[in-house]
């Protein structure tokens with residue numbers, strides 16, 4: 001459940017980052033809020049599957065909701081634009097279909113879904129290879145991101161982003177290997193230490209924020225190391241903390257995480273409808289979180305909607321909390 005808590009925290013950070021587009025917020029959330037999802041993919045990685053099986057698992061959970069929300073939001077945008085008497089911006093429709101770095105509000109976070117899908121499938125190709133080979137390929141991808149970031153960002157659907165993001169998945173897999181060595185009272189202190197080191201590096205200007213959507217990887221190597229460091233610290237803190245919560249709190253965290261993809265894909269629509277300015281507004285942030293998450297929690301109980309819009313099976317009447 002600790003991983004689910006990290007997902008929830010990261011989703012909140014993503015929304016906050018889209019509401020307030022200013023340096024302070026960027027320095028707080030951008031170093032980790034999206035990289036952590038790739039680190040978690042590596043942390044939860046299970047070997048032994050082929051590429052075909054990986055696609056069979058990921059397409060229903062990522063690509064189906066992506067396409068569904070693309071259709072829904074395009075329909076809303078076209079309908080609202082027509083109701084307001086404005087012309088249909090064919091360029092905006094084209095950019096939405098291209099996805100990736102081309103798509104802005106209300107499709108701000110769509111790039112993440114396709115980038116994650118391509119990254120995990122690419123990492124699956126490396127599954128079974130010696131760790132040295134995996135890291136060589138991942139390191140080469142990171143180098144490509146620094147040297148040719150603009151070219152990678154220009155690839156539709158953020159497919160090119162898979163190259164530098166391989167290193168994040170590989171780092172998450174390494175964290176999973178090291179995790180059994182940490183136990184008991186040392187866990188929260190190590191977690192706090194990792195987050196603290198990352199925060200100091202950002203505050204001191206040693207590590208620039210990361211903008212994966214634009215394949216802006218910040219300070220070469222350092223920013224990605226900081227992203228992994230903060231992500232690892234958050235995982236340790238969340239696992240330690242959630243082991244001490246009650247059943248109802250655990251259930252809430254699990255459900256919020258299960259409905260989280262809807263928040264990722266639809267919160268920017270709320271901001272678009274509200275006309276949220278770059279300097280942001282607290283009410284807009286609250287609505288962009290509460291409306292998608294509230295609807296998502298309801299959709300968890302509707303089989304078809306849960307599968308198509310959330311990428312999840314319907315929530316069972318009784319679900320394990322540990």
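Glycine is treated like the rest: Cβ placed from N, Cα and C.
Predicted, not measured: the structure shown is a model, and the values here were computed from it.
Look at TrEMBL and you will find 3-276 tagged as domain 'Acyltransferase 3'.
Note on the transmembrane segment (28-45): residues 3, 6-7, 10, 13-14, 16-17, 112, 116, 119-120, 123, 165, 168-176, 179, 198, 202, 207, 209-213, 218, 223-224, 226-228, 230-232, 234-235 of its chain, located 6 or more positions outside it, place their CB under 8 angstroms from a CB of the stretch. Annotated transmembrane segment per TrEMBL: 28-45 (among others), in sequence order.
Per TrEMBL, transmembrane segment is recorded for 66-87 (among others).
The transmembrane segment annotation in TrEMBL covers 107-126 (among others). Only residues 6 or more beyond the boundaries of the transmembrane segment (107-126), in the same chain, are considered here, and those with a CB under 8 A from a CB of the stretch are 14, 18, 34, 37-38, 41-42, 45, 49-51, 54-55, 58-59, 62-63, 65-66, 69-70, 73, 95-96, 99-101, 133-134, 137, 157-159, 161-163, 165-166, 168-170, 212-213, 261, 264-265, 267-268, 271.
Here TrEMBL flags 133-149 (among others) as transmembrane segment.
The transmembrane segment annotation in TrEMBL covers 155-175 (among others).
Here TrEMBL flags 187-208 (among others) as transmembrane segment.
Taken from TrEMBL, the feature transmembrane segment applies to 220-240 (among others).
According to TrEMBL, the feature transmembrane segment maps to 252-274 (among others).
Taken from TrEMBL, the feature transmembrane segment covers 286-310 (among others).
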Most Cβ pairs under 8 Å to the transmembrane segment (155-175), of 66-87, 133-149, 187-208, 220-240, 286-310, goes to 133-149
